[in-house]
Amino acid sequence: MQRSNHTVTEFILLGFTTDPGMQLGLFVVFLGVYSLTVVGNSTLIVLICNDSCLHTPMYFFTGNLSFLDLWYSSVYTPKILVTCISEDKSISFAGCLCQFFFSAGLAYSECYLLAAVAYDRYVAISKPLLYAQAMSIKLCALLVAVSYCGGFINSSIITKKTFSFNFCRENIIDDFFCDLLPLVELACGEKGGYKIMMYFLLASNVICPAVLILASYLFIITSVLRISSSKGYLKAFSTCSSHLTSVTLYYGSILYIYALPRSSYSFDMDKIVSTFYTVVFPMLNLMIYSLRNKDVKEALKKLLP
């Protein structure tokens with residue numbers, strides 16, 4: 001008998017394993033990662049706000065990325081921690097919808113924001129004399145606002161379409177959060193139009209920003225090759241290396257999950273990759289942007305007694 005989506009009051013999240021010992025081990029690992037993410041990103045945001053030396057476009061974007069990663073991780077990890085140690089693996093229909101909406105909105109926003117950072121790096125390296133004028137605080141704020149608006153507008157579209165399906169099968173989600181592909185597996189009805197829309201949103205929100213990032217780095221490489229001194233060359237490379245590492249890890253994870261042909265898709269492998277970009281990546285992003293950064297280290301020394 002079919003059940004329409006309004007009769008589904010909750011979903012069951014299978015998570016990673018049913019073994020109690022392994023669940024406890026995962027709880028400890030995820031708690032440690034989440035604690036580092038919260039403390040580290042919060043500290044970085046405070047440093048950027050308090051230290052005038054960090055009041056530059058580059059650190060403005062870094063601070064916003066830290067805020068986004070902090071928010072992004074908080075959408076998933078608290079529920080994952082509860083699921084690991086609780087007998088109750090359920091999530092309400094409204095809770096699943098909210099988790100889906102915010103996760104999609106923040107994921108899309110990060111794609112746009114990473115593209116904005118790439119543009120900032122391009123201007124800093126290719127047009128250093130015009131950098132302060134070109135990357136004004138108004139433009140930086142506008143780029144961040146557009147990133148969030150674009151992300152959440154598109155998230156509203158895909159959330160509405162996804163949760164308008166009739167969930168006529170079991171309400172068991174083979175994942176640790178309310179992700180797109182496991183939810184679509186539970187839905188019944190014609191999905192052809194939905195899949196077209198899904199891949200259109202993937203192209204417009206993920207592929208297009210990736211193309212902009214690639215174009216920015218092609219221009220950056222062209223500019224770097226014109227630098228005669230090895231010191232200037234290394235400085236330009238170090239300016240971009242952290243961002244390029246972050247982009248590669250983030251886009252690689254997303255494209256692996258959502259862009260692979262359906263026949264090669266594995267829910268078990270998806271769980272591992274999803275864990276990386278939802279839980280681990282926000283912590284890695286913090287390390288990538290701050291641990292090797294001399295300005296951040298100096299600001300931290302000033303803050304600590």
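Even glycines carry a Cβ here, placed using N, Cα and C.
Model, not experiment: these values are computed from the prediction.
Listed features, source Swiss-Prot:
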- 1-24: topological domain 'Extracellular' (TOPO_DOM)
- ASN5: N-linked glycosylation site (CARBOHYD)
- 25-45: transmembrane segment (TRANSMEM)
- 46-53: topological domain 'Cytoplasmic' (TOPO_DOM)
- 54-74: transmembrane segment (TRANSMEM)
- 75-98: topological domain 'Extracellular' (TOPO_DOM)
- CYS96-CYS188: disulfide bond (DISULFID)
- 99-119: transmembrane segment (TRANSMEM)
- 120-138: topological domain 'Cytoplasmic' (TOPO_DOM)
- 139-159: transmembrane segment (TRANSMEM)
- 160-196: topological domain 'Extracellular' (TOPO_DOM)
- 197-216: transmembrane segment (TRANSMEM)
- 217-236: topological domain 'Cytoplasmic' (TOPO_DOM)
- 237-257: transmembrane segment (TRANSMEM)
- 258-270: topological domain 'Extracellular' (TOPO_DOM)
- 271-291: transmembrane segment (TRANSMEM)
- 292-305: topological domain 'Cytoplasmic' (TOPO_DOM)
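Least crowded of the disulfide-bonded residues (CYS96, CYS188), judged by neighbouring Cβ atoms within 10 Å of its own Cβ: CYS188. Listed as Cβ neighbours of the topological domain 'Cytoplasmic' (120-138) (distance under 8 Å, sequence separation of 6 or more from its ends, same chain) are residues 57-58, 60-61, 216-217, 219-220, 222-224, 236, 239-240, 243.
Counted over residue pairs 6 or more apart, the CB atoms of the transmembrane segment (271-291) and the transmembrane segment (139-159) come under 8 Å in fewer than three pairs, which marks the two as apart. Count of Cβ pairs under 8 Å against the transmembrane segment (99-119): among 25-45, 139-159, 197-216, 237-257, the largest is for 139-159. Secondary structure from DSSP puts CYS188 (disulfide bond) in a beta strand. DSSP gives CYS96 (disulfide bond) a helix state.
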